[in-house]
Amino acid sequence: HEPMYHLLSMLALTDLGLSLCTLPTVLGIFWIGARDISHDACFAQLFFIHCLSFLESSVLLSMAFDRFVAICHPLRYASILTNTVIGRIGLASLGRSIALIFPLPFMLKRFPYCGSLVLSHSYCLHQEVMKLACADIKANSIYGMFVIVSTVGIDSLLILFSYALILRTVLSIASKVERFKALNTCVSHICAVLLFYSPMIGLSIIHRFGKQAPHLVQVIMGFVYLLFPPLMNPIVYRIKT
């Protein structure tokens with residue numbers, strides 16, 4: 001179980017980082033009414049929020065791979081998922097997130113901003129900040145879509161593929177009890193995947209296609225997207241362990 005514990009630690013640190021990036025502005029608004037934020041602080045916040053969000057996507061993919069190896073290749077589990085491999089997976093995930101998100105603050109900083117500079121959420125997101133620019137944001141929109149597809153899109157497809165292989169292996173087990181035990185080891189991870197991807201996909205759809213959606217829906221989805229997974233993940237894994 002040691003590799004999974006390392007991955008759970010990575011998930012917990014990522015959730016903690018997301019909360020620490022988000023809560024200062026949220027608490028500032030609700031406690032002392034601090035509704036202003038500088039451009040640089042906003043750009044820094046959106047960098048860390050998006051970077052940690054996509055890092056969590058990578059961690060969930062790594063956990064899916066862990067379940068795949070544990071169920072489909074149990075005898076090779078210890079030799080495949082060594083501490084060195086887990087460390088390399090963590091570094092590669094962090095490197096991918098930083099490399100993809102690093103250009104965003106600089107792409108936003110070159111824009112002039114005018115009009116009503118009011119954000120829908122109590123924190124900064126790239127897809128919302130770029131709409132406040134008084135310039136052509138087509139390049140930002142295209143790059144943002146590229147980042148989403150190359151992270152969340154690919155990760156979610158690979159997770160689905162992993163579970164398809166897991167399901168095939170489980171269905172080939174003769175004993176119903178053993179099939180249930182094998183599937184039961186995946187329940188926590190499936191819940192974590194749904195908790196993370198459902199709000200993210202919903203918020204992305206609202207920002208890109210739901211222009212007529214009520215403002216309250218956008219606000220609620222924004223809070224669910226960043227605050228609900230860090231709240232629920234410890235509960236889900238505590239119940240299952």
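Heads up, the Cβ atoms here are built off N, Cα and C, so glycines get one too.
Taken from TrEMBL, the feature domain 'G-protein coupled receptors family 1 profile' covers 1-237. Among the features that TrEMBL reports, transmembrane segment is placed at 12-34, 85-108, 142-166, 187-210, 216-237.
Sequence-distant contacts of the transmembrane segment (187-210) (same chain, six or more residues past either end, CB-CB distance under 8 Å): 11, 53, 56-57, 60, 63-64, 67, 125, 127-128, 148, 152, 156, 159, 163, 217-218, 221-222, 224-225, 228-229, 232-233, 236-237, 239-241. Each of 85-108, 142-166, 216-237 was scored by its Cβ pairs under 8 Å to the transmembrane segment (12-34), and the highest score goes to 216-237.
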